[in-house]
Amino acid sequence: MAAAEPTSSAQPTPQAQAQPPPHGAPSSQPSAALAGGSSRHEKSLGLLTTKFVSLLQEAQDGVLDLKAAADTLAVRQKRRIYDITNVLEGIDLIEKKSKNSIQWKGVGAGCNTKEVIDRLRCLKAEIEDLELKERELDQQKLWLQQSIKNVMEDSINNRFSYVTHEDICNCFHGDTLLAIQAPSGTQLEVPIPEMGQNGQKKYQINLKSHSGPIHVLLINKESSSSKPVVFPVPPPDDLTQPSSQSSTSVTPQKSTMAAQNLPEQHVSERSQTFQQTPAAEVSSGSISGDIIDELMSSDVFPLLRLSPTPADDYNFNLDDNEGVCDLFDVQILNY
């Protein structure tokens, strides 16, 4: 018997897979970006966020409707808008007013976010200008410090690095001066002056130091032609010894004339540093006991002669606003 031949109606075997195009051949399928007519950058979330924030800045009172924003930005998937709002809300830049509206924080009625940004730019420009001026001042300061250093280190100028009593009196003409040399940390207090019985104010100065002694000099000059009168405060004991010919009552005019006749004191003590140190204390006998007695007995003598402390210990403390004068029953003199 002859074998049966295959019929012509049999289906051919299907192909496995289409072979990829050769390397370098152009693709037959156009990209989705070109087919849609827009690039991938235009559909990115970053660009969409920039446009969304611009709408938020231009919105009245900073309130933006999300549906209107989606229509304006032509966003088909509203999920992308919600992704942006979730991030902004997470960093506390916006808050939800309702289900479909948000508001930029810190924007009140009648205020626009764009105006705030313009104001911020002006402030930044002002800060840059101030920083430029600060750098110029710092440069000027460095130049001055270097100039002072050059002057002080010069061997010729070193001999003149001191101030005389005459120089100080010329700066404060007609005033009674107290030159104070005190350690660092000294507390200075000037209470409010009180009116005396004669209508003049009573002035006080309280000094307190915990680290060292305080030295005070009284510097006075009656006229431009006279020499400065300088002696320590309080005066030494040898200057305040009672004289056999002391006067019991001296008028203020006599006290003034006596002050003009005081001998000249040494006033040119040098200093190798910038600190202004008072001149050396006057030697004993430079001011006669008669003149000191006349000054102390007058009504205008600015120094207080305190009585000796009692033999018993002092069992009380002074407050921070109290001074040594509070330990004695004395009347404050008028200056």
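Each Cβ is built from the backbone N, Cα and C atoms, and glycine gets one as well.
Quick look at what Swiss-Prot lists:
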DNA_BIND  37-108  DNA-binding region
REGION    1-40  region 'Disordered'
REGION    66-88  region 'Leucine-zipper'
REGION    109-205  region 'Dimerization'
REGION    226-285  region 'Disordered'
REGION    277-335  region 'Transactivation'
MOTIF     71-108  motif 'DEF box'
At a C-beta cut-off of under 8 Å, are there same-chain residues at least 6 beyond the region 'Leucine-zipper' (66-88) that contact it? List them, or none.
45, 48-49, 51-52, 55, 94, 96, 100-102
Between 0 and 100, where does the mean pLDDT of the DNA-binding region (37-108) sit?
79
Counting by DSSP secondary structure, give me helix, strand and coil numbers for the region 'Dimerization' (109-205).
52 helix, 12 strand, 33 coil
